[in-house]
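Here is what TrEMBL records for this protein:
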TRANSMEM  B:6-26  transmembrane segment
TRANSMEM  B:38-57  transmembrane segment
TRANSMEM  B:91-110  transmembrane segment
TRANSMEM  B:116-138  transmembrane segment
TRANSMEM  B:159-181  transmembrane segment
TRANSMEM  B:210-230  transmembrane segment
TRANSMEM  B:237-257  transmembrane segment
TRANSMEM  B:290-310  transmembrane segment
Amino acid sequence: MLKNALAGAAFAVSALVCSTAFAQTIGFSQVGSEGDWRPAFSANMQESAKDYGIDLKFANAQGKQEEQLRAVRAFIAQGVDAIIIAPVVVTGWDQVLQEAKEAEIPIFLVDRDVEVKDPSLYVTRISADFNLEGKLAGAWLAAESKGTCKIVELQGTTGSAPAIERKKGFEAVIGQFPAMEIVATQSGDFTTEGGKKVMEAFIKSTNNLDGICASFAHNDNMQLGAIQAMKEAGLKPGKDVLMVSVDYVPAIVEALKAGEANASVELRSAVGKFIYPVILDYLKSPQELPKWIVIPSDLHTAN
Amino acid sequence: MNKKYLPLAATIAVFIGLFLIGGGLYRNFLSTMVLGNILADNAFIIIAALGATFVILSGGIDLSIGSMIGFVGVCMAVLDSMGWHPMVSAGLMILFGIAYGAFQGFVIDFCRIQPFIITLAGLFLLRGACFMVTLDSVPIHHDFVDAYAAAKIPLPGRGVLRSSALVMLASLVLAIVIAHFTRFGTNVYAIGGDKESARLMGVPIRRTTIGVYALGGFYSALAGVVYALYTSSGYPLAGSTLELSAIAAVVLGGTLLTGGVGFVVGTLFGGMILGLISTMIIFQGTLNSAWIMISSGGLLFIFIVLHRFLVGSFNLRGNS
């Protein structure tokens, strides 16, 4: 890790030194600016591009695939050195990626995946692993509860990739412990209001969370809603019940400090330092890369 | 030059001016590749706007365009997964578009209801229907779709005319013929100019109104087909707020929102101006994408004021 960091730093310095000579132009087509996480992600990509001496062309698709296709084609026409796409949807990419390939412009995916017939149309996907985030939350809970815990789960939007993968990862870990089980699970749609409603229902159905040792939420916003609901019912979140969730947004940092939440897995928004070195290395010496480069997750606890 | 050509001339001048400015500012901008991209990437907006041109020429408005595009897309994708040929499902959806448009036109004329309200209901109805069909983005996998997407005519330079651009240009020719060389077209201009006089002169109001909205439905559904083939998928949120871009394209193209005045070919340039603005901002690369909407809005504002000015001082609509 340290070695990587040093190499990264050395690279950053050399990139800075040579930036005038080798300034690379990279186009980045972002989904939009929904939620708390994505604007932070966009800002970090724009900020850290400067550190690597990259001329970043940033295009916000405002959640529309047609805007994204337009942006990618404009990048191709402009003759950029590489294109980064955070896809709005997984489908409909074959043709435009083929055009990029014909123009010999490498494509890198960040965040979500795409479904293409020919995987050689993009170099690699550099993103966090939702499954790993679920596993990390499960592992923390297993250690904290010493392998004995009845859990209530607040799921994300039904059918969304983070909800599916975080659940799978979490269940894979707690499945190793016979005395750990999810006793109630429901979707809170990734929102604070949704989380509050679901937790209110859990409080009623489990007689004030009697015997429940933990609440696992697929994101912090729902957990914050759950904390509210528990406080209104006279319960002590973080003490009566262990609270673990994913994202590490500023509001959960406050809750961790106040002891109302116990742990949050960080979905990093400062990912430029993971993404740009991969692209710059590839541009220097093109080579086959694994189809998915995972950005490591971090875990934050109250103490 | 005849005064009625002034708005159209202004539109074309703005398009050429913007293109030259882009060429002066950015490397590789002034190329057939960028022109080909603008034609293809905005094809569905321009096709939808062609239909909207007739509706606006008749003095009406159609807000159901974007939802129709989304609905056609998800239906085609779902029918594809059931084994239908894309051409067959496209034909079916275009028939649906014509029927739905005709229904809207009938209600507008029969019940004397504001087109705004009826087509607003259409906006909600069809978008809701999209969510009933599917919540996910559904891919369209068919050899025909691959062949369609790969088909292109090379332009001089690195540019190409893609299939969606070709469909759009064919739709444009059809629209020009209908607007300027048929009795129906003349009737549309007549009821948009002055409905009462048109009625007294024996223009069939109901038949023309139904025809106008049916034509609008036809073009929206065709835009939906082009959009679905362009992205080779159906997505229930596709085309949301696109009706507003289509109306903007019509107005930038020199058609008066009050009806009766304008040219179909102006809509082509109006749509391309919108595409040109987005492309310039992407080429710039550091501007917030909000500037796309701000500059489109600013340009729209200038055009509307310009039209008002032309109408006022040149008496563009004549005395009736």
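Using N, Cα and C of the backbone, Cβ positions are placed for all residues, glycine too.
With a cut-off of 8 Å between Cβ atoms, the residues of this chain six or more beyond the transmembrane segment (B:6-26) that come close are 34-35, 252-254, 261-263, 265-266, 269-270, 272-273, 276-277, 279-280, 283-284, 299, 303, 306-307, 310, 314, 316. Of the ranges B:38-57, B:116-138, B:210-230, B:290-310, the one with the most Cβ pairs under 8 Å to the transmembrane segment (B:91-110) is B:210-230. Scored by C-beta pairs under 8 angstroms, the transmembrane segment (B:159-181) has its highest count with B:38-57, from the stretches B:38-57, B:116-138, B:237-257, B:290-310.
Distant neighbours of the transmembrane segment (B:38-57): 65-66, 69, 115, 161-162, 164-165, 167-169, 171-172, 175, 178-179, 188-189, 192, 212-213, 215-220, 222-224, 226-227, 230, 239, 242-243, 245-247, 249-251, 253, 255-257, 259-262, 264, 267-268, 270-272, 274-276, 279; these residues of the same chain sit at least 6 beyond its ends, with a Cβ under 8 Å from one of its Cβ atoms.
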